[in-house]
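**Q** Please see the structure below; I have some questions.
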Amino acid sequence: MALPFSLLMALVVLSCHSSCSLGCDLPHTHSLGNTRVLMLLGQMRRISPFSCLKDRNDFGFPQEVFDGNQFRKPQAISAVHETIQQIFHLFSTDGSSAAWDESLLDKLYTGLYQQLTELEACLSQEVGVEETPLMNEDSLLAVRRYFQRITLYLQEKKYSPCAWEIVRAEIMRSFSSSTNLPQS
């Protein structure tokens, strides 16, 4: 009984540390939140990806939007914020709730919501420091088109279990690609 309590206390301390020390120390808090979300996405796997190889698709993840040296910190944070909003929306659809374990889905929503809250707090600090356009229109459109392609794919595949597995794996890949934010 002591081990689960110790583990719970460690998680509470980590959670408090990540949300209480948000003096826009985003790379650390963002990394912790990403780890939690990625673990949940991994736990959501219901079928073997190898049984879905025929359903693979290149959704055209806009990696250039997340290249740290192209944008300053507020723009990069804004791009990640848009991505997390789109992921939240994707997993909030009716088709999604039928495809996944409800408990894991609720935990995913909570993790994504926490990420959005931290990013919004950091964005408001960053924008107060420098007046920079948050995200240029081309980058915003690239992220939205990427998620539109994913949504169309799911519709074409009639939200099949394999289609959701391909999308889950794609979201894990793209989510982990968006974790490196510029320090300055």
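For all residues, glycine too, the Cβ spot is worked out from N, Cα and C.
What you are looking at is a predicted structure, and each value in this text was computed from that prediction instead of being measured.
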**Q** Considering the candidates CYS24, CYS52, which is the cysteine that Swiss-Prot reports in a disulfide bond with CYS162?
**A** CYS52
**Q** Quick check for the class: what is the C-alpha distance, in angstrom and rounded, between CYS162 (disulfide bond) and CYS122 (disulfide bond)?
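**A** Counting only the Cα atoms, the answer is 37 Å.
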**Q** Rank the disulfide-bonded residues CYS52, CYS122, CYS162 by the number of other Cβ atoms within 10 Å of each Cβ and report the first-ranked residue.
**A** CYS122
**Q** Whole-number Å only: compute the distance from the Cα of CYS122 (disulfide bond) to the Cα of CYS52 (disulfide bond).
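**A** CYS52 (disulfide bond) has its Cα 39 Å from the Cα of CYS122 (disulfide bond).
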